Amino acid sequence: MKLRDRVVVGFCLSLVLVTVLFVVDLQNENARRQAVADGDAPSHFHGRSDRSKDAIDAQSAWNAAASFVMSTLMPPSQQPPTRPGAPQPYSQAANGRPPKPAVPDLYAGDRFADLTERLSRSSETWRHRGNVPDWTIVRDVIVDDTDDDGTTSNEYVVEYLEDGLRPNTTALTIFHSRISKREMYPKNDTYVPLILKNMSSARILSVAQKEGGTQLKLVIEYSNGDKALMKPMRFTREQQTLPNHFYFTDYERHNAEIAAFHLDRILGFRRAMPVSGRLVNITSELMAQVTASDLLKTFFVSPDKNVCFHGQCSYYCDTSHAICGNPDMLEGSFAAYLPTQDVLERKTWRHPWRRSYHKRRKAKWETDPNYCELIRNLPPYNSGRRMLDIMDLSVFDFLMGNMDRHHYETFTLFGNDSFPIHLDHGRAFGKAFHDEMSILAPIIQCCHIRRSTLETLLRFHNVKKLSEHMRESMNDDQLSPVLWEPHLTAIDRRVGLVLQKVRECLSVSTMSGEDAADESHAQPSTNATFDIDMGDLGQGAKYTARSREQT
């Protein structure tokens, strides 16, 4: 820019600035005199310190004028550049918060008639009579593992107890004796409501901190000898996972444990222990019952006069992440204790689709296109029910957005035919506006689903929504409403997403079968490569499936 042009621009800007300041000063002076005359302002009122509407309007006028001068007098090449992707101010909703993103339900109007019709073909699904002997040769997408009469054989813990039930047993100990190799408790079990009521109202005898784990948990012992695991409330229902938090550093939510129990029961899995919400007094019910000095010394009163404590653990156990009451009332989830190891031993298994728990490294299943074929050949997934149980577990985790499934446990009494116990769901229900498709990796990569699970999902999609069942089931909990409404909306949306993935698997299976027939009856185990949208697993990875075995 030439010197003459610079002088002109500087003169114009100075003129605009002087004019605006003069107008502002004149308006404020008139306002001051009027206020003093009316007796509405003290005599020391000074116009330039008043951010009145006139001053704000004048400031807006100055901003507009300066912008006009800069854009008019300066050529485009000389104007300040705008960085691509620079953060822009959020548009504020009526309540002052940024509006929540709308997540479309792509399959709300889809009745999935093709899946319903497929289930109606009795000859389409091979019944495996309660046990799949060899998963390396099974290529059915919909797998029926019931007996010929449509039932599954079952055995109960009480059949193996040498001493039987002890006298004066509680509802929880009777519940333990009714655990079977198929489920934690039978449908419509009468002891579950008794356990829930006891955990939410019985007198607390002692409080201790649970050893291990990344976040604070309390072991609660009641006056009748029963125990429960308490996860205290950290924040409100609508608090979502922070954008920069990894799944393994996310906060644990007390209400997620409660909702997970109800979801597990409604889906018909019944593989989770009963969980109840409870409102406790930190001073009289928790601190007064603490005996360990290490935990007791973490209790304090905050500057806002609330009773707080933080315990000792790997994450968020310090004064800046303390758990506080209001002023001393606190919500918490109370999960019934499993039988002790000496009564009913458990075995811990590494989840085959476990995440890497590393900030940069990926797990093998995220990079190996033939990962499912590897799992098919490894015990206990090469035979029995475990493969289908993992598929059920992926559906369960996906519906509640739980990415933190690194291990699971089974009862050793029933060997490899025991169900995986659904435990530790504190990091679920953290993202109501995001569907983490990678949680469905077992189903997407292996293309298997249990027939009864598919029938249940279709019923919740087409008849009565899963969210309605959840509201009704959680309505009796002491902390109702347990879930933020967008999480219930997300559950219904995710049911459709699971059904769509099953549809894609069936489509690929059908095409693979046709290709095999066209190739002069090629071996049914021939690999067929196809593309599946893996969402966050993705980058267009190719996954392998074998053509459906011809029967």
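All residue numbers here begin at 1 and follow the chain in the order shown.
Using N, Cα and C of the backbone, Cβ positions are placed for all residues, glycine too.
Remember, TrEMBL labels are computer predictions, not curated facts.
For 35-54 (among others), the entry in TrEMBL reads region 'Disordered'.
Residues or ranges marked as compositional bias 'Basic and acidic residues' in TrEMBL: 41-54.
Taken from TrEMBL, the feature region 'Disordered' applies to 73-104 (among others).
The compositional bias 'Pro residues' annotation in TrEMBL covers 77-87.
TrEMBL lists Gln215, Lys231, Glu252, Ala335, Ala336, Tyr337, Leu338, Glu409, Asp424 with the feature ATP binding site. Long-range Cβ contacts of Asp424 (ATP binding site) within its own chain (separation 6+, distance under 8 Å): Asp404.
Residues annotated as Mn(2+) binding site in TrEMBL: Glu252, Asp424.
Feature annotation from TrEMBL assigns domain 'FAM20 C-terminal' to 299-509.
Here the Cβ of Asp404 (active site) has 20 other Cβ atoms within 10 Å, regardless of which shown protein chain they belong to. The annotation active site is assigned in TrEMBL to Asp404.
According to TrEMBL, the region 'Disordered' annotation covers 513-536 (among others).
Sorting the binding-site residues Ala336, Leu338 by the number of other Cβ atoms within 10 Å puts Ala336 first. Sequence-distant neighbours of Gln215 (ATP binding site): residues of the same chain at least 6 apart with a C-beta under 8 Å from its C-beta are Tyr251, Glu252, Cys313, Ser314, Tyr315, Tyr316, Cys317, Gly426. Residues Gln215, Lys231, Glu252, Ala335, Ala336, Tyr337, Leu338, Glu409, Asp424, recorded as contacting ATP, have a largest CA-CA distance of 20 Å.
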